[in-house]
Amino acid sequence: MDFEREPSEHTEGKSVLPVPSAPGPSTPLKSSYTYHSPTPTGEGPYILGVDEAGRGPVLGPLVYGVAYCPVSYRDQLEELGFADSKTLTSEIRSGLLRTLRSNSDNLGWSVRVISPQDISSGMLRRPATNLNRQSQEATVMLIKDILDKGIRLSEVYVDALGTTSTYQAYLSSQFPDIEFTVESKADFKYKIVGAASVAAKVTRDACLEGWVFEELEYQPTDVELGSGYPSDPKTQYWLKTNLDPTFGFPKIARFSWTTVKLLLEKEGHAVQWIDEGQASLIKAFESAQGLDKGRCGLTRELGIRSIAAL
């Protein structure tokens, strides 16, 4: 699902700071989606930054953000205050998002919000789609979307963990006309990546703070979610107090995370799967004697024999 929107700045008579990239009020996050700001009109080529928020948490979505501007706007960008979102207060991040939204001639941004259930489904399926692969797919999708808008990208800067040279080679193979720089701490080194970091972080925070539980008749305890990270005492307490021993957790939790798996094993009801058909089949093989040993009832009834027995 892709969409663009610019909601009103006023709700029920109050001046509010909307986060257009987050689900609307009373809207549960049921599936992953992409948000795009209005397309800038400044003359290209453009530079683009990529960063994420929420890779490690056990609760809530993973959000990939991009920000982009004309190469000629690079010097002005340096003066706007963008930086690694983790080093900024919530108020400063909100102010910087307003900055991103205030200059639609030169500044554009987009986010890909990957829902907790999509993260878990990917990691638990066989063969698994691990988090690195899901992150790569989100990044490639966002870059393709920007190119499809007619934006000519000359340079892309990506904040990444692990072996950055391998990832840089992969992205270069996907977009051979773009010069890629993939580095750890790129959100600290490059302002355009800092802008992407702000877009991703503010979106994830809004998703978590305004989370609407889609489970019918589910009543969460009056406990703060916290940051969603497994090491956060508030998140740990939320997990312990919201575990249903039969049904587990609501869909805000990432079931593929070890934190959730261990809690379910320790506090959840044990489940025993009974397959009557399999039990009957085993019994049919065990009851045979002589040459019929190891043959099922159907082969005996039809008179089917192996070549070795003839």
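Sequential numbering from 1, following the chain as shown.
Here the Cβ of each residue, glycine as well, is placed from N, Cα and C on the backbone.
Quick look at what TrEMBL annotates:
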type	residues	note
COMPBIAS	1-13	compositional bias 'Basic and acidic residues'
REGION	1-38	region 'Disordered'
COMPBIAS	28-38	compositional bias 'Polar residues'
DOMAIN	45-269	domain 'RNase H type-2'
BINDING	Asp51, Glu52, Asp159	divalent metal cation binding site
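Long-range contacts of the compositional bias 'Polar residues' (28-38) within the same chain: residues 1-6, 20-21, 61, 100-101, 104, 107-115, 117-118, 141-142, 145, 149, 203, 207, 211-214, each at least 6 residues beyond the stretch ends and with a Cβ under 8 Å from a Cβ of the stretch. Mean per-residue pLDDT, taken over the domain 'RNase H type-2' (45-269), amounts to 94.
DSSP labels the residues of the compositional bias 'Polar residues' (28-38) in these numbers: 0 helix, 4 strand, 7 coil. Excluding Asp51, Glu52, Asp159, which define the divalent metal cation site, the same chain contributes Val50, Ala53, Tyr64, Gly65, Val158, Ala160, Ala186, Asp187, Val193, Ala196, Ser197, Ala200 within 8 Å (Cβ to the Cβ centroid), listed in sequence order. In this view, Glu52 (divalent metal cation binding site) is surrounded by 25 other Cβ atoms within 10 Å of its Cβ, with every protein chain counted.
Around Asp159 (divalent metal cation binding site), taking its Cβ as the centre, 24 other Cβ atoms fall within 10 Å, counting all chains.
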